[in-house]
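**Q** Sharing the feature lines straight out of TrEMBL:
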- Gly86, Gln87, Thr88, Gly89, Ala90, Gly91, Lys92, Thr93: ATP binding site (BINDING)
- 409-436: coiled coil (COILED)
- 3-331: domain 'Kinesin motor' (DOMAIN)
Amino acid sequence: MSNIRVCALFRPLNSKEICDHGDNVSISAVDSDSFLFKDEKEEEIEFHFDRVFYQGSEQANIYEFLALPIVTGAVNGVNGAIVTYGQTGAGKTYSMEGPSIMDCDENKKGLLPRVVDGLFSAIRLSGEMTKYTINLSMVEIYMERVRDLFDLSKDNLLIKESRAQGIFVCGATNICISDSAEALRSLSIGIANRAVGETQMNMASSRSHCVYIFTIQQELKKEKRSGKVILVDLAGSEKVEKTGAEGRVLEEAKTINKSLSALGNVINALTGSPQGRANHIPYRDSKLTRILQDAFGGNSQTALLCCCSPSSSNASESLSTLRFGARAKHIKALAHVSLTEDEDTKSPGALPVIKDESCERILEKLRQKMKAEDVELLEQLFVLEGIFFDPNSVEEVEAAYEDATSRTILSLQRRVEELIATVEELKEENKALKSWIRS
């Protein structure tokens, strides 16, 4: 197990910061992985990260350190995630996209176009003996609804989990891409559909969390490998008094801050439990934490880029971002190659894994007979317990559900009977104690 990779990025001062507060900055560099940060009380705090990118850092250097190992891993069947985090206007979207996703300036290209180029470069270097397929999907989490940015009619997609795919967005449009140019054209369409709005801190503030999903299928002679790269451009945390948000923008800000708070709770739960003791991880508290479940707590190589303003006027928000990154640095990741055996290499009698479309068909039939919460419980039960079943037999699913429910009820009944017996014993002891006191 290894820690996730966490880096800090300080963008250059913008014109508004210089006009309002001069060139005062809250950081002073120590070396390539540590710096001193001066908070609002002028007290210095030292931070250490895997790498610190100061003002004027090259986009190429950020990609090579942060993203290239993840791209290489994905081509070889290891899942990866790259997440940008920070206050609104801190440079997250610029770091992810550059000035424009179609910008041809090599020096200014962001992480996203470089990841695209990196995937196809890695595939070319692998030789012609292996067949690769790359699929792209793009969604945003806006006002706690998952929207398909390639098909805006899909505006309330479900986040689901399977043993084969892990966490995935059910029904999201998948585009098969054959080269970098095609991928960038598709991405530009999706980005144009993203929810943005103007605030006092940012002319085009992201009002949603944007998720780019690349799935790389690799076909070898005896096996298949599947790797996934997820890039997440988080909406920025906001202080209403600074952004001047009101009306619809204010409601968006509240939802953004609530989901980022939920992400912070997940990080705290992952890093705060005593050694040797399990802790509840609240992944289901928001759509964001659910979609990032594998990235922060599962099978994934994960990199976090904490974007900050260097201006002393934003010291409070930058400090919050840095503390988030420092906490996340303690998360352990357990990434491994995802393999799928061919049919002729499977051991005799092996049970087939249910296909996603068959599962959906069965669950839809069950929804017609059961309550929605019961069907959701059933789905979670089979995923968590690894129960395999005939995807063509609804009756067997219902029987398995009833069996699991019956076992749970029996267990609860036994526990209630034990508690009743204990209460009766305590009553007898209490009665005897009263008699002894009176005598």
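Positions of Cβ are set from backbone N, Cα and C atoms, glycine also.
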**Q** What is the total of other Cβ atoms whose distance to the Cβ of Gly89 (ATP binding site) is within 10 Å?
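**A** By my count, 27.
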**Q** Taking each of the binding-site residues Gln87, Ala90, Gly91, Thr93 in turn and counting other Cβ atoms within 10 Å of its Cβ, which one has the fewest?
**A** Gly91
**Q** For Lys92 (ATP binding site), list the number of other Cβ atoms lying within 10 Å of its Cβ atom.
**A** 26
**Q** Write out the long-range same-chain contacts of Gly86 (ATP binding site), meaning residues 6 or more apart in sequence whose Cβ is under 8 Å from its Cβ.
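**A** In sequence order, Lys92, Leu234, Gly236, Ser237, Cys306, Cys307, Cys308, Glu317, Ser318, Thr321 meet the Cβ cut-off.
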